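> Per TrEMBL, the features are:
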type     : residues : note
DOMAIN   : 44-293   : domain 'G-protein coupled receptors family 1 profile'
TRANSMEM : 29-53    : transmembrane segment
TRANSMEM : 65-85    : transmembrane segment
TRANSMEM : 105-123  : transmembrane segment
TRANSMEM : 143-161  : transmembrane segment
TRANSMEM : 201-229  : transmembrane segment
TRANSMEM : 241-263  : transmembrane segment
Amino acid sequence: MEPGAWGNKTVVTEFILLGLTKNIELQSILFAIFLFAYVITVGGNLSILAAIFVEPKLHTPMYYFLGNLSLLDIGCITVTIPPMLACLLTHQCRVPYAACISQLFFFHLLAGVDCHLLTAMAYDRYLAICQPLTYSIRMSRDVQGALVAVCCSISFINALTHTVAVSVLDFCGPNVVNHFYCDLPPLFQLSCSSIHLNGQLLFVGATFMGVVPMVFISVSYAHVAAAVLRIRSAEGRKKAFSTCGSHLTVVCIFYGTGFFSYMRLGSVSASDKDKGIGILNTVISPMLNPLIYSLRNPDVQGALKRLLTGKRPPE
């Protein structure tokens with residue numbers, strides 16, 4: 001910290017992240033665990049991307065969205081875990097103010113796109129099962145691109161709004177963040193100026209980035225469930241549900257952890273529980289996604305096997 005333009009106040013020029021533990025021996029173990037998790041997550045999502053790219057059967061809207069989801073998962077975990085690994089390796093974590101604000105922006109940008117992309121995937125399943133005759137027209141390549149662009153635009157506006165709102169707050173000490181990455185609630189706790197506006201923005205952001213997408217997903221799958229139950233053959237119902245099961249599992253994990261992170265509007269204080277939820281958000285969810293989609297999908301499994309063995313996909 002250094003003297004600033006606020007009289008006797010000092011300006012925070014860097015933040016000290018407490019991380020997950022102060023125990024040096026435990027830090028070494030955590031380094032190995034999170035490095036392994038990072039490699040597995042990036043490798044798994046890159047494998048999904050490669051399978052979608054080389055397998056003609058996977059050149060469909062559903063897998064187009066899944067490919068984008070894999071890219072986002074790689075981005076989300078890369079924004080948070082490599083800096084944490086560097087901190088665990090050096091046994092200290094001093095983050096410059098600008099780097100902290102940048103991490104906050106990119107994390108909320110990528111996680112926000114994730115929110116709305118899951119909504120687009122639910123809409124895709126609704127059209128495929130409930131409107132099969134017009135599916136190819138309503139989910140053309142132009143529509144797919146437009147949906148991803150809208151997801152990115154909404155998330156960019158949300159992330160930029162929160163970042164600007166945090167950057168105008170006064171931080172005059174202390175500068176110790178009780179977390180392993182820079183996020184809104186722990187930074188709010190350190191501000192020496194009013195965070196009333198930030199709390200309101202957090203409420204509005206949580207509504208548009210969490211509640212509204214969840215409502216659309218719920219409505220889409222209510223229609224899907226009704227349509228599937230009208231299918232007379234048990235095999236047909238099983239096939240229809242199998243295409244939605246993976247997506248619903250990912251939605252539950254993603255929104256479940258996100259709900260506990262940002263929808264606790266009565267408190268912005270940081271705690272060790274928030275660190276555990278942060279691990280679920282930044283590590284476990286991106287790591288499970290490729291596993292969930294590959295385990296429940298024979299087409300993805302076949303593409304991955306051909307990719308590993310070097311066999312060409314059938315014409």
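Each Cβ is built from the backbone N, Cα and C atoms, and glycine gets one as well.
Where the annotation comes from TrEMBL, it is an automatic prediction and has not been curated.
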> Looking only at residues six or more beyond either end of the transmembrane segment (65-85), which have a C-beta under 8 A from one in the stretch?
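That would be 19, 31, 34-35, 37-38, 41-42, 45-46, 48-49, 52-53, 93, 95, 103, 106-107, 110-111, 113-114, 117-118, 120-121, 124, 144, 147-148, 180-181, 250, 278, 282-283, 285-287, 289-290, 293.
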> Which residues of the chain, 6 or more past the ends of the transmembrane segment (143-161), have a CB below 8 A from one of its CBs?
61, 64-65, 68, 105-106, 108-113, 115-117, 119-120, 123, 201, 205, 208-209
> Looking at the domain 'G-protein coupled receptors family 1 profile' (44-293) alone, can you tell me the average pLDDT?
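Across the domain 'G-protein coupled receptors family 1 profile' (44-293), the average pLDDT comes out at 85.
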